2 protein chains.
Amino acid sequence: MGLIVQKFGGTSVGNIEKIKHIATRVIEEAAQGNEVVVVVSAMGKTTDELVRMANEISNTPSKREMDMLLSTGEQVTISILTMALLEKGYEAVSFTGWQAGIQAESIHGNARILDIDTNRVCEQLSAGKIVVVAGFQGVDTSGEIMTLGRGGSDTTAVALAAALKAKRCDIYTDVTGVYTTDPRFVKSARKLQSISYDEMLELANLGAGVLHPRAVEFAKNYGIPLVVRSSIEQEQGTIIEEEVTMEENLIVRGIAFEDSITRVSIFGLTGRLTSLSTIFTTLARQHLNVDIIIQSITDTGTTNLTFSIKTKDVREVLNVLESNKKELQFERIETESELAKVSIVGSGMVSNPGVAAEMFAILADAGIQVKMVSTSEIKVSTVIPDKDMVQAVETLHVQFQLDERMVVKA
Amino acid sequence: MGLIVQKFGGTSVGNIEKIKHIATRVIEEAAQGNEVVVVVSAMGKTTDELVRMANEISNTPSKREMDMLLSTGEQVTISILTMALLEKGYEAVSFTGWQAGIQAESIHGNARILDIDTNRVCEQLSAGKIVVVAGFQGVDTSGEIMTLGRGGSDTTAVALAAALKAKRCDIYTDVTGVYTTDPRFVKSARKLQSISYDEMLELANLGAGVLHPRAVEFAKNYGIPLVVRSSIEQEQGTIIEEEVTMEENLIVRGIAFEDSITRVSIFGLTGRLTSLSTIFTTLARQHLNVDIIIQSITDTGTTNLTFSIKTKDVREVLNVLESNKKELQFERIETESELAKVSIVGSGMVSNPGVAAEMFAILADAGIQVKMVSTSEIKVSTVIPDKDMVQAVETLHVQFQLDERMVVKA
């Protein structure tokens, strides 16, 4: 018994039939005597369709009006799901973001949740109702509708779980849990029973794509156990929490990877140090994400700078660099594409300093050249040739014994 | 200069192209230095589509959740129209019902507007913006979304005009104005330059269908001049106001008509008088509208009762009567279908007592049998055979000289 928050994403609520199915998943929890709050996204392609309509009017539609437009998507889903619950004989009520008391920053299209006034939700839970809340949206202090940006519905669910002191927040998705690595590429990838917030954060940031990093951070800050599980399959998912059981306490818990990476090297920098911050600030402002950064001083006193970017951003990055050439005072730029990033993640690394060295040895044994390296307390990232990516992941997966545990079954 | 409220209905905002066109109509008023508030309905078939989705879930979807669902329709339109205005270089902002301060009764699906808190709208008007408001919706004191029922967007527009002390409320529609009679049936029907609230109310109630009666009543109570005009054609529409100019002060200003009427006669009623009120209350509760009612006492002391109903309601009405037969204590029921109602409307009748007699004479000369009659201060309604309806309207239109005025052009 307790309060559970469930979140169903866009593909889980893709059509009326799927919504009817979701209703049964909601009722399963309610029938066990739990109080249930459900957070849903817009149905399937609804958001794309609304964006298409806006683009027929303008190439640069007002962000405020986009929020007004897009927030209707979740409002449709909450009413349809609530009707489905009522039809099955369960008391239920839907709330938009503003009705659910979700107070957000005044940043259209990318607001963060600031606070939640849970009065209305609590009142309905006390009355024995399932409460269905629109994800992805909130309202600012002037009563303006704000959307939360990508992964916003995950954040809504976790924030509601925190505000309502839920015992668990279940994120229903189209995968059955968090895997040691991407099972589409590595056959022996297996589902993890549990993973820590920090490990999940590293994996999420590395593009594992199951959960939005902001939602994981929120859960970590408020100590809400998160479960990633399938909206279709009944099997048990992966629990994300602070303390991960010893049985699962592998040194390396997951391997993330990403292709289409380009290395950019700037040679013979003689500009002032402030020009470095200028360049990264400028790139950030253009939403050009720079990942691994390596700086080295040469014998002649000039600086060489290397960083990795997404290959699709190469042209824009080079434009920004060239237009700042005068201030930066560099000799030449070199780029290398067809690279990939492969990272191992695991909180066990903190107390095992040899893990990075072991990774390099494994890659060297496989004849894979490491072009760049970056390490954090629970992660080692390497940049290697694109063509070697899958082999690297498979080899690391075996060598770090990620394939040896039994697959966790419900 | 002044404040103008414009209302565009579902067909006027049927698709993106139409919304772009509407934007030019809005800008025409703004460019003349007027403050403009625009009220819009859901786009074309949106409401039907949402209702269809709800019906896939339930045959009797929750009224609360229907309001939640349907209110998204207008929210889409306001954002798209506002984007179109911004794209054309005009400052504009959209508001949902709750954002526009439209406070409604707690009656899902059929709420009336109770009050409007115009602060937010006024603030944006003062900032020089065109304000676009979602029609058909409001919010009750608990923050529940309510829809206003049929004609709700007209009412939103008129209520906003009243609350903002607008100089005029323009109702854009797919007809160019209010006509002396239905031009689809009577070729010589002509557009009226002006008509009084009361005349319009009689015509609206009689099924002229241009404006919702509730909106006309609201305009009358607050003295807001209403203009009915085309969203496509540029020509001048019909103004509805308290004092109609002498030039247009015809005794009969319009002829309304409606087919598929059935007469129901109950003979030999001996029940108590309360049974009469019981029967009409019961019919009303079943949403069975009874129109003209005639009661007569016979020589033998029993009562005969005759009333008109829509032919589609005959079976239900008879069921209600039969199931109350014991209490009503009547001898027999007789029905006559294939009837029509033809009414003449004009405020000039108040001071011209001979108009009803003139109408009967005209119909008698044309060989048309009058089955039932009902009169009010500004209206005379007759029930005649269905087959004679168009001829009756045409003859009355000529005899009351409704075809003689010049057609009003812009």
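Using N, Cα and C of the backbone, Cβ positions are placed for all residues, glycine too.
TrEMBL: automatically predicted annotations, no manual curation.
Per TrEMBL, ATP binding site is recorded for A:Lys7, A:Phe8, A:Gly9, A:Gly10, A:Thr173, A:Asp174, A:Tyr179, A:Arg184. The feature substrate binding site is assigned by TrEMBL to A:Thr47, A:Glu74. Residues annotated as domain 'ACT' in TrEMBL: A:264-338, A:344-410.
On the 0 to 100 pLDDT scale, the domain 'ACT' (A:344-410) averages 85 in this prediction. Residues A:Lys7, A:Phe8, A:Gly9, A:Gly10, A:Thr173, A:Asp174, A:Tyr179, A:Arg184, recorded as contacting ATP, have a largest CA-CA distance of 24 Å. Each of the binding-site residues A:Thr47, A:Thr173 was scored by other CB atoms within 10 A of its CB, and the lowest score goes to A:Thr47.
With all protein chains in the displayed structure included, the most crowded Cβ environment within 10 Å among the binding-site residues A:Lys7, A:Arg184 is that of A:Lys7. Under a cutoff of 8 A between CB atoms, and with a sequence separation of 6+ in the same chain, the neighbours of A:Glu74 (substrate binding site) are A:Val40, A:Ser41, A:Ala42, A:Thr96, A:Gly97, A:Ala134, A:Gly135, A:Phe136, A:Gln137, A:Ser153. Using A:Thr47 (substrate binding site) as the reference Cα, a 10 A cut-off selects A:Gly10 from the binding-site residues A:Lys7, A:Gly9, A:Gly10, A:Thr173, A:Asp174, A:Arg184. As a summary of secondary structure, the domain 'ACT' (A:344-410) carries 30 helix, 14 strand, 23 coil according to DSSP. All protein chains shown were included, and the count of other CB atoms within 10 Å of the CB of A:Gly9 (ATP binding site) stands at 22.
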